[in-house]
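Marked as ATP binding site by Swiss-Prot on the basis of sequence analysis: Gly11, Pro12, Ser13, Gly14, Ala15, Gly16, Lys17, Asp18.
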Amino acid sequence: MSAERLVYVMGPSGAGKDSLLAYARKHVREPRIAFAHRYITRKSDGHENHVELTRDEFAARAQLGFFALEWSSHGFRYGVGVEIDAWLAAGSVVVVSGSRAHLPAALERYPQMCVVHIDAAPHVLAERLATRGRETADEIRARLARSVRWAVPDGVALTAIDNSGTLDDAGRVLVALLEGLARS
């Protein structure tokens, strides 16, 4: 299995990960790039590529070993299916939307993965979170405070993409990275 072809995309809430992943999904031309959806115990809002599971469904799948990666965040469970291992073994570049807090555990399973951190200026994050309408003002402030405290773990090389500007600008950077990995 070629874990260096696993691309773990993460960033603070409001950085635009889902928008960038949707952009990349639409614009990549390399057929060997696969975008894994997540399994989440949260209703889909239409802006994120995920499979909605009940807590019981998630727990059953976790117990059966159906997840390559799984974590909890903000009261929800998240998982990425073991199908990504077959995709990696077949030579695909596999893109997953991950969690910064779960990065150390993900690196234990896939130590050679490519880590991509999407970020945006604090005022852009705040504006996007408010527009999204999922959290109260206090919850938004707490999310922004966590964003400031996060630091790259020692020894992790990552690609940083600033998504403060246009989606097209940041999207082209992500697409170029993915297509470069697929050609290597």
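Glycine is treated like the rest: Cβ placed from N, Cα and C.
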Hey, what's the Cβ neighbour count for Ser13 (ATP binding site) at 10 Å?
-> 20
8 Å Cβ shell about Gly11, Pro12, Ser13, Gly14, Ala15, Gly16, Lys17, Asp18 centroid, ATP site members excluded = Ile118, Asp119, Ala120, Leu125, Arg128, Asn163
How many neighbouring Cβ atoms, not counting its own, are there within 10 Å of the Cβ of Lys17 (ATP binding site)?
-> 23
Other than its own, how many Cβ atoms are within 10 Å of the Cβ belonging to Gly11 (ATP binding site)?
-> 24
Excluding its own, the Cβ atoms lying within 10 Å of the Cβ of Pro12 (ATP binding site) add up to 22
Counting across all protein chains, other CB atoms within 10 angstroms of the CB of Ala15 (ATP binding site) number 26
